[in-house]
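The compositional bias 'Low complexity' feature in TrEMBL is assigned to 1-11, 496-507. Sequence annotations record features per position, and here TrEMBL assigns region 'Disordered' to 1-28, 496-525. According to TrEMBL, the feature compositional bias 'Pro residues' maps to 19-28. What TrEMBL lists as transmembrane segment is 106-125, 183-205, 225-246, 279-303, 323-348, 360-383, 398-419, 431-452, 472-490. The compositional bias 'Basic residues' annotation in TrEMBL covers 508-518.
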Amino acid sequence: MPPAATAAGGARRARPPTSITPPPPGPKVPLRRLLRAASVASGIQFGWALQLSLLTPYVQELGIPHAFASLVWLCGPLSGLVVQPLVGHVSDRLSINSPLGRRRPFIAGGAAVIAAAVLTVGFSADLGRLLGDSKEPGAARPRAVVVYLIGFWLLDVGNNATQGPCRALLADLTGKDHRRTRIANAYFSLFMALGNILGFATGSYSGWYTVFPFTMTSACSINCANLKAAFLLDVIILAVTTFISVTSVQESAYITVEDSNSHDTQEAFLWELFGSFRYFTLPVWMVLIVTALTWIGWFPFILFDTDWFGREIYHGDPDKGLVYHNGVGMGSFGLMLNSVVLGLTSVVLERLCRKWGAGLVWGVSNIIMCFCFSAMLVIAYLAGNADYGPNGLPPDGIVIASLVVFTILGAPLAVTYSIPYAMVSSRIEPLGLGQGLAMGILNLAIVIPQVIVSLGSGPLDQLFGGGNSPAFAVAAIASFFSGLVAILGLPRSSQTRTSRSFTPRARTQGRHGHHGHHDNHGPHR
């Protein structure tokens with residue numbers, strides 16, 4: 001391992017006491033294998049899309065008030081604060097004597113947890129009835145809520161245990177070739193888009209209970225049965241994509257190097273996680289700051305997108321009639337369109353980064369987010385003052401404008417799913433921290449904003465009348481500042497210029513013309 005990275009100003013940083021030395025360079029993994037390795041993202045994202053489109057309305061159907069619905073989603077960030085960094089840390093140091101290597105056991109194990117969790121969530125109403133919930137219509141279902149929360153916790157643990165190793169595996173397979181790292185992350189984003197399309201299309205269809213009639217029970221309404229059937233499909237798709245991913249590639253051996261000055265070679269995980277912050281260069285911190293602001297923008301949308309459609313566009317109530325659920329279905333359709341744009345953007349993202357620079361692409365995409373969230377505020381205001389007529393349905397113009405905003409947001413979502421991971425991978429590698437830990441560190445910049453949004457958005461919305469507009473106002477402000485910081489703080493030039501702030505090895509290899517070491521800021525020059 002070379003001496004540690006130097007800061008932008010030239011001051012040299014010490015190497016972490018524990019570092020990960022990659023194996024000697026071998027033959028490049030073919031792009032088609034990288035494509036197959038990334039395919040598990042579609043199975044994971046299929047279930048995630050079902051979460052986004054169906055679970056916020058479902059928890060309110062179980063009896064959890066809208067003001068506290070966002071608190072249910074607090075499970076995810078709390079598990080993500082520990083699970084993903086811990087899994088990344090352990091997978092960095094796992095022996096690869098097993099047939100699956102060091103990343104793939106976590107991918108397979110996490111997928112199994114996801115499958116068990118979605119079945120628990122889907123059957124929570126039935127399990128609650130078996131445990132003693134009242135059979136009276138409209139009665140509280142506390143046992144079903146508890147079962148649901150257990151399943152939801154497991155679901156987020158599984159998601160966090162799977163996605164970090166998936167990203168780290170792609171970084172391992174592409175090595176120091178940052179262009180291929182961007183391509184691999186674009187593949188991952190493309191499969192996430194495919195999973196989103198399938199998931200949101202599934203969530204927008206209200207007739208799954210007729211395909212799986214056994215899902216209809218005395219404890220489970222039509223909406224509950226549709227959710228249950230959709231999660232059964234998720235288990236099948238997840239099993240297929242996980243098998244394709246874990247059998248597509250072989251992993252190479254990495255070596256854990258302990259510094260001779262380290263007093264304890266078995267450092268506590270949290271100490272190593274938070275202690276690694278002192279080795280970060282300014283470019284690493286800038287990526288983390290932009291990531292955190294970006295996700296403060298995204299989480300209100302993720303939490304309340306279909307609920308916004310049901311409440312503020314269709315003027316429905318989760319507990320009264322089908323109007324709200326029709327709105328949720330239309331919101332799921334909008335998210336499906338969003339995912340189509342996400343996939344198309346993922347295909348051209350590498351070319352955009354080479355032409356304009358990843359920092360500029362990221363910044364512009366976040367400004368687009370700001371305009372879209374602001375447009376949602378305007379649309380909600382117009383919907384609140386529009387004449388809905390005798391049928392109670394919103395005017396076509398309101399619905400179309402809402403769908404257009406949902407669709408446009410697919411482009412910045414593709415950027416969010418790809419560029420931050422490629423950027424942090426290329427900046428962490430010279431520090432010798434290991435790609436698994438790097439993905440866990442980036443996850444902290446995602447889940448901490450989620451904790452803030454989960455704690456504040458529901459009560460804030462309730463304070464201003466029970467709608468979602470206050471949370472979207474915060475999202476628009478955060479998106480604007482994240483875009484501004486990305487444009488001004490993330491360099492647009494190629495790594496040829498910026499690699500001098502990292503390691504002597506990077507400078508030496510740059511002189512020898514190893515173009516694979518260019519970062520993801522733009523075209524090689």
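Along the chain as shown, residues are numbered 1 onward.
Even glycines carry a Cβ here, placed using N, Cα and C.
Stretch with the most C-beta contacts under 8 angstroms to the transmembrane segment (323-348), considering only 106-125, 183-205, 225-246, 360-383: 183-205. Distant neighbours of the transmembrane segment (398-419): 182, 185-186, 188-189, 192-193, 294-295, 298, 301, 305, 309, 313, 330-331, 333-335, 337-346, 349, 353, 358, 361-362, 365-366, 368-369, 372, 375-376, 379, 382-383, 386, 520; these residues of the same chain sit at least 6 beyond its ends, with a Cβ under 8 Å from one of its Cβ atoms. The stretches the transmembrane segment (279-303) and the transmembrane segment (472-490) meet in space: the count of Cβ pairs below 8 angstroms, excluding pairs fewer than 6 apart in sequence, reaches at least three. The stretch in 106-125, 183-205, 225-246, 360-383 that contributes the largest number of Cβ pairs under 8 Å to the transmembrane segment (472-490) is 360-383. The list of residues near the transmembrane segment (183-205) in space but at least 6 beyond its ends in sequence, with Cβ under 8 angstroms from a Cβ of it, reads 31, 34-35, 37-50, 52-54, 166-167, 170-171, 173-174, 226, 230, 233-234, 237, 241, 306, 329-330, 332-333, 335-336, 338-340, 342-343, 346-347, 349-350, 410, 414, 417-419, 421-422, 425.
Counting residues 6+ beyond its ends, the transmembrane segment (360-383) has Cβ neighbours under 8 Å at 290, 293-294, 297-298, 300-301, 308, 312-313, 315, 349, 352-353, 394, 398, 401-402, 405, 408-409, 411-412, 415-416, 419-420, 467-469, 472-473, 475-477, 479-480, 482-488, 490, 492 in the same chain.
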